[in-house]
Amino acid sequence: PTWSVPLGRKDSRFAADPESTKKGLPSPKDDLGELVTMFAELNLDAHDMTALSGAHTVGMANCETYRDRVYGPNGDIDPSFAQTTQQTCQGTSGKAPFDVQTPMRFDNAYYRNLIERRGLLTSDQTLYGGGGLQDNLVEMYSADGEVFASDFAKAMVKMGNIPPPKGMPVEVRLKCSMANY
């Protein structure tokens, strides 16, 4: 998907501190309530959260983030998916794609994986199976990639408008890829 980035956004003058960045991201073990709360604190609703989670249609996760899900007693995971994914997580290292169907393509296969109980992270799978709005959105996105792409783009713009924390030195960039030095 593509979207227009509004001009005039204030960005930090400094590179993000990796530890503070981790604090601002959901845990791979978060449940739906924790995710909704975290996104709400950023003025993003459950609809935005479900669309933005679709970014997991590309990329890989480290074994430590999904080990408990694929090895633990877990009724909300497809047993064959768990068994196959365990092969990527033997010992202390390993990686698996978030989306086993089309790991290098930005599409709506992530949502089909959730319906099939093949979400890699607990925080992914929690979006489907509890009924209500999240299930409806996952089903809609799994059936209609264009609606997913449109909602994802809207949520990206909304997320891009989240202001930096108070007290952080900020600037409007003259060239978006670098600070104004």
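A Cβ is built for glycine as well, from the same backbone N, Cα and C atoms used for every other residue.
Here is what TrEMBL says about this protein:
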BINDING   P26  substrate binding site
BINDING   H56  heme b binding site
BINDING   T57, D99, T102, D107  Ca(2+) binding site
DISULFID  C63-C89  disulfide bond
DOMAIN    1-180  domain 'Plant heme peroxidase family profile'
REGION    1-29  region 'Disordered'
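If you average pLDDT over the domain 'Plant heme peroxidase family profile' (1-180) in this model, you get 90. Of all Cβ atoms in the shown protein chains, 15 besides its own fall within 10 Å of the Cβ of the residue listed as 'substrate binding site'. Cβ proximity to the Ca(2+) site centre (mean Cβ of T57, D99, T102, D107, cutoff 8 Å) flags the following additional same-chain residues: V58, Q101, P103, R105, F106, N108, A109, Y110. The Cβ neighbour count for C63 (disulfide bond), using a 10 Å radius and every protein chain shown, is 18.
Around the Cβ of T102 (Ca(2+) binding site), the same chain contributes T57, A109, each under 8 angstroms and 6 or more positions distant in sequence.
Cα to Cα, C89 (disulfide bond) and P26 (substrate binding site) are separated by 21 Å. For D107 (Ca(2+) binding site), the nearest neighbour among the recorded positions P26, H56, C63, judged by Cα separation, is H56. Cα to Cα, P26 (substrate binding site) and D99 (Ca(2+) binding site) are separated by 18 Å. Counting every protein chain shown, the Cβ of D107 (Ca(2+) binding site) has 16 other Cβ atoms within 10 Å. If you draw a 10 Å sphere around the CB of D99 (Ca(2+) binding site), it holds 27 other CB atoms from the protein chains shown.
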